[in-house]
């Protein structure tokens, strides 16, 4: 065979190799472009009081982000508020890109009157998540919404396709302005919220309710309910009159399917349940009642919606379905322990999620973190190991990138295993060994249920219990099929333990999801450092990086002013997706033209 001769089959193979990357990228990922105009609305009146409600494109709750695994999401946020603003994407792992995490330690806030674009990928994830404002106590005023990350067609889910899906954003609500609560917290402890809203609406049949949430179903059909606790303080128990629920997923992990009459959902947590409309055609109560509370059925703190059969002429009637004793902690612990990872089903990637097992891992280090309250400089503060987090003017991520943290924080200045001798305010940044398994024990010295969340990761909930944690508590750990999630509850006077594998470099927020606790200092940051500068291991700063604090330029160029009214989402929603496809087609034509010419 002559040296210059290439068989036609080989030419076709070369063309296929050239085109394949474009086609694969096109097949498995799309770009989603969103314009969000964030403003306050005094006319919504969720609880019949004059208060500012934070809306996105005039919506409360905010719009759904509906994505598929590996999609890239671009959210251009226009800040019409009179406060600086950041959004965080609760449970989205921001793989190799903590620059998009949207918390005070990673991003400069978007100033009032400015806009800024988040660009992040929902990499190798599926499931039910949420977003909300992360600073200035803004979450108490709204601005939250649902995130769905759907499976790719090549990855099957462990249940038949439901007739439809519904997002249920349930959470407590203050009857006063979030600004007033924020001001109160600067001098005293605020009272807890006194309402429970379902998708931003008041309880069904409440005297003040003009509207309430109703879910329409067809008899005999099965539906997926995506339930998120978007509140600030109260855990709740969720149930539906005369209907059972089948639990299938939590925060990105498929679980062993269990049938439940009710489900505890703690602040910041999300679940997916299947509900079959297998009762007589009528309307039925949907109830979310607070844990650790004596709230009665007619209390504003009991959220009530309606499951409406589409051929029903019978309104919901009778007493609300009863739930477990709200003070029965053991019931809650037992239910939590019954939620196990499904080791046999697929995951966001082609390999089964259960192939990653923690039964034989070696723990490299242990964090023991105790949440409590202390008086510091005459003010009540929430602390972690007796340290109340003090937010610096300069985000930690900026300081880490530009000066290795110098002048902003000192790494491991506070112990991650024991409490400081004296309660102090400080910038608590703890190191975690890159790719070394870490055990985190979370202890609760508070008088209410706490919830802890770790950005950037899904961790394995290996154990929880009442009383003091000790090394012997490890004997009770479930290392066979612990569920993977990003938020875990810790009961009063109790503990919860998680395993996490720090393979995602960055600066990651570890916090209480209870907003008052978080706002008053119950948080720290975990620095995961990889010395390899390869951008494939951690992305460089985005080109639109905002600078502030000690790195603020002396004469910054103002960002374009935000437009006065919301606009529709960008019509270029998939332009990049189409461009990839066009490149693939052009490459194909050139290849085959070349083959024909030779």
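From the backbone N, Cα and C atoms, a Cβ is placed for every residue, glycine too.
Annotations in TrEMBL come from automatic prediction, not curation.
The feature signal peptide is assigned by TrEMBL to 1-29.
Residues or ranges marked as domain 'Plastocyanin-like' by TrEMBL: 48-152 (among others).
Residues or ranges marked as domain 'Plastocyanin-like' by TrEMBL: 168-312 (among others).
Sequence annotations record features per position, and here TrEMBL assigns domain 'Plastocyanin-like' to 394-531 (among others). Summarised as a single figure, the pLDDT of the domain 'Plastocyanin-like' (394-531) averages 97.
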Worksheet item: Which numbers of helix, strand and coil residues does DSSP report for the domain 'Plastocyanin-like' (394-531)?
Response: 19 helix, 54 strand, 65 coil
Discussion item. Within the domain 'Plastocyanin-like' (168-312), count helix residues (DSSP H, G, I), strand residues (E, B) and coil residues, in that order.
Written reply: 8 helix, 69 strand, 68 coil
